[in-house]
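Sharing a structure here in structure tokens format.
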Amino acid sequence: MQAHELFRYFRMPELVDFRQYVRTLPTNTLMGFGAFAALTTFWYATRPKPLKPPCDLSMQSVEVAGSGGARRSALLDSDEPLVYFYDDVTTLYEGFQRGIQVSNNGPCLGSRKPDQPYEWLSYKQVAELSECIGSALIQKGFKTAPDQFIGIFAQNRPEWVIIEQGCFAYSMVIVPLYDTLGNEAITYIVNKAELSLVFVDKPEKAKLLLEGVENKLIPGLKIIVVMDAYGSELVERGQRCGVEVTSMKAMEDLGRANRRKPKPPAPEDLAVICFTSGTTGNPKGAMVTHRNIVSDCSAFVKATENTVNPCPDDTLISFLPLAHMFERVVECVMLCHGAKIGFFQGDIRLLMDDLKVLQPTVFPVVPRLLNRMFDRIFGQANTTLKRWLLDFASKRKEAELRSGIIRNNSLWDRLIFHKVQSSLGGRVRLMVTGAAPVSATVLTFLRAALGCQFYEGYGQTECTAGCCLTMPGDWTAGHVGAPMPCNLIKLVDVEEMNYMAAEGEGEVCVKGPNVFQGYLKDPAKTAEALDKDGWLHTGDIGKWLPNGTLKIIDRKKHIFKLAQGEYIAPEKIENIYMRSEPVAQVFVHGESLQAFLIAIVVPDVETLCSWAQKRGFEGSFEELCRNKDVKKAILEDMVRLGKDSGLKPFEQVKGITLHPELFSIDNGLLTPTMKAKRPELRNYFRSQIDDLYSTIKV
């Protein structure tokens, strides 16, 4: 059909008459056309656009030919893992030097006192202080060599990074000590790493170390450097047992008066001995090189290069322990790009205040914090109308997520989610979670509510924090993403649990430049973790999904048999049961002489009372924990969830005891990384376990 025929068909004038036709239209009509055109143009220009993924999201990893089923990131052009993203950054020392340049000597490390703004040190100030500390160490007789270990026993603060960079500038190695490791583990690490000098933040930690020297438990310790103010009695106590107690300021002055030229490390040199807190036995010292850390950082930058682009305008809130590799990798990425790092005040209860003042753009988190945020948001929706609005708004935003759209400027953000976004400072554009599994429900909701790029990672200390990461544009939950560009991942058979690699299931194994060098002075443990071909065996059970992402489905290390011979993986069962609304923590237990499982359940103090009230139960939290009918109702809810999640009948617990006190680091039932200490839990609840087995008849 010709154009003039088309106009005639719709009874419209031909183009030559169009001007005359427009003149005959009423002014209101013309204004309406103009407004419609303007609105259409505005919508087209500002409509939400999905984040462009860096690869085909239906195939995020690729099998490597001749590798026994190993898969690599689809972002790579070859089967060789990525080692360095920037040619001039092959060590953490070089990464910091790059940060000095790209930041144009901008602010680097910030801290604050209560009710005060953040005060900042510039990149060059940090570099100068770092070289002073490193020079002071040399003046004290320490070697510029990758077998020279220096201890850091402190919470996150600017001095932590200054000491770290001071060690790196002169090829020394840092050995972080956890605040919550406990006296025995600290003594073990000081001796294992042969630490003769330890930096501490508070006098109380210096006293703890001096006590070990006085009791001849750590005879090799000779110098303690204290960051905070302390009294003369601490110096005198040290002198009596042959330990020099000095201040951070004195070390800076000593180094300033005796400056040495930096002696940077090689990529293959050790950077950190990261002691992992095992659930049994002594901590193991993972030996991690500069190459390990830089390759892991490079992989994150590669995976997000078109979406995140860290820059000097970014600000990181530092509150997750720097003694853990997750936080260390995040901070190394920030420093390499000239970004700012603001430290929390040291009290997790003041974190929300720190967030409001700092207004970070980058916020790494752990699932425990996400669960609290989720519970708090839904706890505030305390009427039927508020709950309906929250559900409706989250579903609208989750629909956008499924289309790949991430934003924080929708109608629902302004009406519903603005408050929670503002509570984090109002500028967060990047969040990363790792260290433990996170509920798909919680992750999806918070991705929608917070309206920022929110990635989930998976890994462990032995592969320098991360080996898998969710892909930009893939905002689905329930998996840990594809292999990072720095490593390959393969699954191997676990016959005793009926997981077969040929069926896409098995133990997760990792190989690449991010895999550690072994455990310090422990060849037997190293051989358990690293096979002869260099594959790290994680102990986690994974499953390949059709789109090439990995789902963690089980845990190998804590399996046990029941009397009938069935293998049980308790952590998988616990993760399912903890989805129950009134449940905060669960310890699932079984024995080879018993035919069924039981559990110790810690109810959620914030939700139990309201949950019980809806079911007709009244009383305080402690009274409800003693109520047999409440216990029965919670057990029924757990079993329902287990059935819905596909647990086999023998994987379901047959009885529970309600315990009102949370498992914690303080009571010795959790490790510093918040993992259950199963032997300690077994001993702690021995009488309750025996009672359950004696009273339940199956």
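Here the Cβ of each residue, glycine as well, is placed from N, Cα and C on the backbone.
Swiss-Prot lists these features:
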- Ser135: O-linked glycosylation site (CARBOHYD)
- Tyr9: 3'-nitrotyrosine (MOD_RES)
- Lys207: N6-acetyllysine (MOD_RES)
- Lys356: N6-acetyllysine (MOD_RES)
- Lys386: N6-acetyllysine (MOD_RES)
- Lys632: N6-acetyllysine (MOD_RES)
- 25-45: transmembrane segment (TRANSMEM)
Rounded to a whole angstrom, what is the C-alpha distance between Lys386 (N6-acetyllysine) and Lys632 (N6-acetyllysine)?
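Each residue's Cα considered, Lys386 (N6-acetyllysine) and Lys632 (N6-acetyllysine) end up 30 Å apart.
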I'd like to know which of the modified residues Lys207, Lys356, Lys632 has the most other Cβ atoms within 10 Å of its Cβ.
Lys207
Over all shown protein chains, what is the count of other CB atoms within 10 A of the CB belonging to the residue listed as 'O-linked glycosylation site'?
24
If one measures from the C-alpha of Lys207 (N6-acetyllysine) to the C-alpha of Ser135 (O-linked glycosylation site), what distance in angstrom results, rounded to a whole number?
26
With every protein chain in view, how many other Cβ atoms are within 10 Å of the Cβ of Lys386 (N6-acetyllysine)?
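The answer is 13.
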Would you mind reading off the Cα separation of Lys356 (N6-acetyllysine) from the residue listed as 'O-linked glycosylation site', to the nearest angstrom?
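Per the Cα atoms, Lys356 (N6-acetyllysine) and the residue listed as 'O-linked glycosylation site' stand 38 Å apart.
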